[in-house]
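See structure below.
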Amino acid sequence: MYISNVFVFAVLTSLENMGFIANMVSLVLYFMYVMFFNYPNSANTVTNFMGSTFLLSLIGGFISDTFISRFTTSIIFGFIEVLGLALVTIQAYSKDLQPAYCGKPSCIHGSKAVMFYFSLGLLALGAGGVKGALPALGGDQFDHKDPKEAKALARYFNWLLLSTTLGACVGVTGIVYLTTEKHKWYWGFFISTVATFLGFTVLALGKPFYRLREPKMADSPIIRITQVIVVAINNSKLALPDSPDELYEIRKTENDFREEIISHTNQFRFLDKAAIVPKDSKTTPWTVCTVTQVEEVKILTRMLPILFSTVIMNTCLAQLQTFSVMQGNFMNRKIGNFNVPAASIPIIPLVFMSILVPIYEFFFVPFARKITKHPSGITQLQRVGVGLVLSAISMAIAGIVEVKRRDQAHRDIMKPISLFWLSFQYGIFGIADMFTLVGLLEFFYREAPIGMRSLSTSFTWLTLSFGYFLSTVFVNVINAITKRTSSSKQGWIHGLDLDSSHLNLFYWFLAILSCLNFLNYLYWASWYKYKTEEPDHSEPKAIDMTTEQLPVEEVPDPTETKGEDLSTRPLVAEEEPEHTEAKAKDLSTGPLLVEEGSTVDGGVTEVHEGPSSVQTEDSKQQPTS
């Protein structure tokens with residue numbers, strides 16, 4: 001378990017993520033000074049690129065859940081990422097492949113534009129596909145049936161963030177200094193290419209140590225979801241049975257690939273119609289779905305409000321990688337005789353996170369665990385909520401800092417304020433990201449059905465994608481509106497002069513929006529029902545049986561059964577074999593009582609009090625005695 005994750009951490013730490021983060025924070029300057037985009041177009045190109053990268057993580061997640069293993073998916077998309085970086089490096093090196101300055105919002109056209117967008121497209125596809133498969137590959141190294149390893153899963157996501165942070169520290173200092181201060185853009189991209197290639201080589205070397213899980217086409221998440229929706233619509237005119245025990249389910253032993261049986265819940269009851277057993281037709285995947293399959297769709301549906309509630313925070317994150325970098329370029333960046341690259345200012349939150357993650361893991365989690373009795377100290381949704389609050393504070397402070405920067409520029413442009421004023425907004429948002437990113441990764445991984453964990457983990461990156469795209473929309477829409485309403489006929493963010501813009505108003509707009517979004521998140525977080533919950537011991541509940549005939553040898557030993565005393569009623573009368581069927585009938589009408597049952601993931605199976613649905617053919621025809 002631990003040896004295998006060393007390879008996962010290695011590929012994310014100083015290698016693949018080192019180049020990715022460095023490019024993420026410096027591309028806005030590359031687009032401005034090499035490709036000659038203006039401020040809004042440069043920012044929008046970065047956010048569109050990052051949005052596409054995280055959106056394409058869904059492809060990596062889908063493929064690794066459906067066709068090939070998560071390891072193979074990571075290697076294939078890693079090769080695509082390396083190819084994209086190589087093409088970006090070639091264009092950054094060759095002056096013949098770069099546009100000449102033209103004074104327009106965008107100066108790149110023709111074959112140069114084709115190579116520019118094609119290389120960025122390959123880079124987005126490769127990096128996105130890796131992000132869709134690699135975190136889940138690391139999570140698969142933990143045996144969820146082992147309590148110790150299941151508990152260690154929460155620790156894995158914290159160390160995943162730490163490894164990402166350490167790699168980013170190298171990228172935003174060494175690589176960014178080369179590209180932005182020494183103007184060796186091709187050297188920065190070349191180092192990223194080599195590091196990424198070495199990273200995936202290390203990942204490949206770890207194959208003998210991995211627990212690999214090969215998916216089956218029949219268990220494709222898209223197919224299973226589609227089946228539930230189609231069958232539920234086809235059965236829309238049918239009435240739901242009085243008891244959920246009458247819905248269709250198969251034996252756990254027959255469901256060896258899914259590895260889990262998910263208990264019925266009462267939310268989204270319309271979808272339960274997909275599990276109504278057909279009377280006159282054969283049971284096929286397109287005529288009836290199991291309760292587990294229906295519950296998988298319910299789980300993904302419950303996740304959607306949480307997903308959309310974190311989009312605004314990632315819109316705020318996009319500003320720190322675009323406009324805040326532009327701000328830093330107009331501030332005093334000197335420490336003694338050394339010029340600090342504006343794109344290196346994210347090193348401040350990264351250092352905070354490098355220190356805080358171990359403190360959180362070794363001190364806060366054990367302390368909180370004693371109080372809350374939760375394995376992770378606090379729930380994943382509570383972690384996300386803390387991050388959302390901090391992101392709103394970060395944007396409010398960003399607006400204040402921009403006012404100070406702009407006012408000083410108007411008073412004396414030769415004496416700008418220090419770059420380190422930006423450390424407040426970066427530092428607070430870094431802590432917010434520590435809470436939210438890990439909380440979302442663990443939430444989507446833990447709550448997802450086993451066969452959908454790559455796809456579900458990709459939801460974390462999907463929120464980032466929507467956040468970046470929404471940033472582009474906000475910039476364009478707000479500029480269009482403020483052009484019409486302002487006396488100067490200029491938008492809040494325009495042209496190449498940041499000092500005449502009103503970036504502070506844009507930051508405060510996002511801060512207000514973040515506060516409103518937090519209220520929305522509180523509603524959905526309190527509404528959400530976790531897949532696994534503590535059992536209610538206040539009253540006994542009935543076992544969830546299957547719809548198949550219960551074999552004689554599988555009848556539970558009545559001496560081990562809690563609840564009703566069944567010791568005086570023989571379940572299997574070996575001395576009177578002619579009455580075996582009658583006894584099976586009695587079992588179907590008598591409540592078999594237990595206190596709790598365990599799920600594969602260490603949670604508690606939700607069970608219901610009521611008659612079992614186990615019946616023999618004879619018992620269905622005979623009246624209950």
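Every residue, even glycine, has its Cβ placed from backbone N, Cα and C.
Whatever TrEMBL says is automated annotation, not expert-curated.
Features as listed in TrEMBL:
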- 612-625: compositional bias 'Polar residues' (COMPBIAS)
- 538-625: region 'Disordered' (REGION)
- 7-33: transmembrane segment (TRANSMEM)
- 45-63: transmembrane segment (TRANSMEM)
- 75-94: transmembrane segment (TRANSMEM)
- 114-138: transmembrane segment (TRANSMEM)
- 159-179: transmembrane segment (TRANSMEM)
- 185-206: transmembrane segment (TRANSMEM)
- 303-323: transmembrane segment (TRANSMEM)
- 343-363: transmembrane segment (TRANSMEM)
- 384-403: transmembrane segment (TRANSMEM)
- 423-445: transmembrane segment (TRANSMEM)
- 457-478: transmembrane segment (TRANSMEM)
- 505-524: transmembrane segment (TRANSMEM)
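Within the chain, the transmembrane segment (384-403) has long-range Cβ neighbours (under 8 A, six or more residues past its boundaries) at 306, 309-310, 312-313, 316-317, 319-320, 324, 327, 421-422, 424-426, 428-429, 431-437, 439-440, 443, 503-505, 507-508, 510-511, 514-515, 517-518, 521-522, 525. Same-chain neighbours of the transmembrane segment (457-478): 40, 43-44, 47-48, 50-55, 57-58, 60-62, 128, 131-132, 135-136, 139, 303, 307-308, 310-319, 322, 437, 440-441, 444-445, 448, 491-493, 506, 509-510, counting only residues six or more beyond its ends whose CB sits under 8 Å from a CB of the stretch. Under 8 Å from some Cβ of the transmembrane segment (303-323) lie the Cβ atoms of residues 24-25, 28, 42-43, 46-47, 50, 346, 381, 384, 387-388, 391-392, 394-395, 398, 425-426, 429, 432-433, 436, 440, 443-444, 447-448, 456, 459, 462-464, 466-468, 470-471, 474, 493, 503, 506-507, 510, 513-514, 517, 520-521, 524-525, 527-528, all in the same chain and six or more residues away from its ends.
Proximity of distant same-chain residues to the transmembrane segment (114-138), defined by a Cβ-Cβ separation under 8 Å and at least 6 residues beyond the stretch ends, is recorded for 4-5, 8-9, 11-12, 16, 20, 35, 49, 52-64, 70-71, 73-74, 76-85, 87-88, 91, 97, 108, 156-157, 160, 210, 441, 445, 453-455, 457-458, 461. The stretch from 75-94, 159-179, 343-363, 505-524 that makes the most Cβ contacts under 8 Å with the transmembrane segment (185-206) is 75-94. With Cβ pairs under 8 Å as the measure, the transmembrane segment (343-363) is packed most heavily against 159-179, out of 75-94, 159-179, 505-524.
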